[in-house]
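Listed features, source TrEMBL:
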| type | residues | note |
| --- | --- | --- |
| COMPBIAS | 1-17 | compositional bias 'Basic and acidic residues' |
| REGION | 1-21 | region 'Disordered' |
| TRANSMEM | 39-60 | transmembrane segment |
| TRANSMEM | 80-102 | transmembrane segment |
| TRANSMEM | 123-144 | transmembrane segment |
| TRANSMEM | 164-186 | transmembrane segment |
| TRANSMEM | 198-220 | transmembrane segment |
| TRANSMEM | 247-268 | transmembrane segment |
Amino acid sequence: MGKDIEVGTEYAPKDYQDPPPAPLIDPEELGKWSFYRAIIAEFIATLLFLYITVLTVIGYKSQTDTDHNGEQCGGVGILGIAWAFGGMIFVLVYCTAGISGGHINPAVTFGLFLARKVSLVRAIMYMLAQCLGAICGCGLVKAFQKAYYVKYGGGANMLNDGYSTGTGLGAEIIGTFVLVYTVFAATDPKRNARDSHIPVLAPLPIGFAVFMVHLATIPVTGTGINPARSFGAAVIYGKEKAWDDQWIFWVGPFIGAAIAAFYHQFILRAGAVKALGSFRSNA
């Protein structure tokens, strides 16, 4: 298999093809059914993601509530919650990757937009669909278990006691960086060309990234790293504390996604060096 090996001043032929950059605005995609199908897929995937994961969080809190016959060591525990989030991302990315790309997260969409993997129109529509799906997913949980939903916090992200705002923001930035960096690495055309015999390779590390970040940051912020997840839970829960900290779960993930996009595109894939080389060759 061919490799990018420098021989003198020549390069061996690549065994992969980088897709062309997405246009900032692509009017043609507005007339394609595939565009709207992708938006629907993002909506449904985010709805299912929030429904399953918020149910898991509320179920754990109810099973460990010692004031209502719960057991202190009962329920799935933090490990189980992390598995629920990571496992659902694995499943949903696997199901929707071929339709919408399987973003399920405005921070992922934002990072891919900065890397010119999606157009501005598609990025905005994906984010709207993700936020609406998150609201509907949490709404279903509240409709089925209203008493538990209100009593146990509705799965809303909040900065936990004992942690400063800076710590919470840092946790969200680093956690989202890990996720979005993994997305870039797992979907890199160069990697896909070499690992095409393993079709589940991309969803698996992405799901594991979500799992590992949750293990680290649940005690700090409950783990956002997904603005739609935090926004949907806050809208349906509606308590003041969830809204007081809401900005952390937007600013942090977007900063983390931007850093991951820059690191992968301009450092690892040497985007800046390639652009400079192209400029010099045309001079």
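FYI, residue positions are counted from 1 along the chain as it appears here.
Note that Cβ sites are derived from N, Cα and C of the backbone, with glycine treated the same way.
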CB contact flag for the transmembrane segment (198-220) and the transmembrane segment (247-268), at least three pairs under 8 A: no
Ranked first among 39-60, 123-144, 247-268 for CB pairs under 8 angstroms with the transmembrane segment (164-186): 247-268
Distant-in-sequence neighbours of the transmembrane segment (39-60), which means Cβ under 8 A and at least six residues beyond its ends: 75-77, 80-81, 84-85, 88-89, 92, 95-96, 99-100, 102-104, 125-126, 129-134, 136-138, 140-141, 145, 148-149, 152-155, 228-229, 232-233
